[in-house]
Amino acid sequence: MLNVILLGTGGGMPMPNRFLSSVVMNFKGRKILLDCGEGTQVTMRVNGTGFKSIDIICISHLHGDHIYGLPGLLSTIGNSGRVEDIYIIGPKGIKEVIEGFLITLPYLPYKLNILEDASNLEFMVKKEKMELVEEDEKISSDLSIKTLELDHSSPCLGYSFNIRRGRKFNLEKALMNKVPKEVWSKLQRNEEVSLNGVKYYSYMVLGDERKGIKLSYTTDTRPTEDIPGFIKESDLYICEGTYGSEEDMHKAIKNKHMTFKEAANLAKRGQVKELLLTHFSPAINDPKEFINNAREAFENSHVGSDGEERVLNFKK
């Protein structure tokens, strides 16, 4: 099960009814934060998400409405008692920006691992943290994060998250591979085991991969030809809808953003299950007034609001 909360759905500047861009995902009690606009700490408190269990922070790009909440949040996480490493993923330039922020944070009780312009990352999800691992055919990770270069006025990344579903134990396979019974349980937990000088791997006792959960996130971009394939068959697609009306197309093109209908066309082409729109222009008072513009292209389109939640489950 993956729990998703829209912490902020505004673009440009915070509004009385909308915080700036941020999304938090919770899987097995560990959290991933997508963007960190001004006020993210406040809306996290409002939604009761907690701070200490954030393991990965993914930044789409370096415009202020997506990163100005980061210095304060990093400080608060430090005050929460966290000592485990945190991964920050972002576009080219993210390292320099974080190093600048750290001037105001001379002491943090945890290490920041900054992954700049990374494209394919694999993580194991443990009880106490998420941990970056090397891609290995013998060991299946719990989470993969892929990025895509978008078309904005500064380097910008889209993100796709694939939560893998644990494979079932296969007795026939375990016996065929002559795996001792005493290591079966550890291999089912995806651990590498050595016994009497022989190494055993989880693939020796587990069946075929099962369909997992896919969430994709693209914000602050024009539509590109690569996006539909990148978001293909996502269970949830969170996408910017800066402008509700096609009458604002000239603004969307000039500022390198999207209209509701453009986002919906991408959702349709990508065959996603649900489109959740976010990052609304301050000029839009009620984004729901424009939802039909999206539904003309993709019926299962919804306007996101601060605090809105989705629960994505593995299919039986």
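Heads up, the Cβ atoms here are built off N, Cα and C, so glycines get one too.
Features of the protein shown, as given by Swiss-Prot:
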type     : residues                     : note
BINDING  : HIS61, HIS63, HIS152, ASP220 : Zn(2+) 1 binding site
BINDING  : ASP65, HIS66, ASP220, HIS279 : Zn(2+) 2 binding site
ACT_SITE : ASP65                        : active site, proton acceptor
Quiz item: About how far apart, in whole Å, are the alpha carbons (Cα) of ASP65 (Zn(2+) 2 binding site) and HIS152 (Zn(2+) 1 binding site)?
Solution: 14
Quiz item: HIS66 (Zn(2+) 2 binding site) to HIS152 (Zn(2+) 1 binding site): how many Å between their Cα atoms?
Solution: 13
Practice problem: Within the same chain, and leaving aside HIS61, HIS63, HIS152, ASP220, name every residue whose CB is within 8 angstroms of the centroid of the CB atoms belonging to the recorded Zn(2+) 1 site, in sequence order. | Solution: SER60, LEU62, HIS66, LEU150, SER153, SER154, CYS156, THR219, THR221, LYS256
Self-check item: Non-site residues, in chain order, whose CB comes within 8 A of the mean position of the CB atoms of ASP65, HIS66, ASP220, HIS279 at Zn(2+) 2
Solution: GLY11, GLY12, LEU20, SER21, ASP35, GLY37, SER60, HIS61, HIS63, THR219, GLU240
Practice problem: Tally every other Cβ atom lying within 10 Å of the Cβ atom of ASP65 (Zn(2+) 2 binding site). | Solution: 21
Self-check item: Among HIS61, HIS63, the most crowded of the binding-site residues [Cβ within 10 Å]
Solution: HIS61
Quiz item: What's the CA to CA span in angstrom from HIS152 (Zn(2+) 1 binding site) over to HIS279 (Zn(2+) 2 binding site)?
Solution: 14
Quiz item: Roughly how many Å separate the Cα of ASP220 (Zn(2+) 1 binding site) from that of HIS279 (Zn(2+) 2 binding site), to the nearest whole number?
Solution: 8
Quiz item: Here are some binding-site residues: HIS66, HIS152, HIS279. Which one has the most Cβ atoms within 10 Å of its Cβ?
Solution: HIS279
Exercise. For ASP220 (Zn(2+) 1 binding site), list the number of other Cβ atoms lying within 10 Å of its Cβ atom.
Key: 27
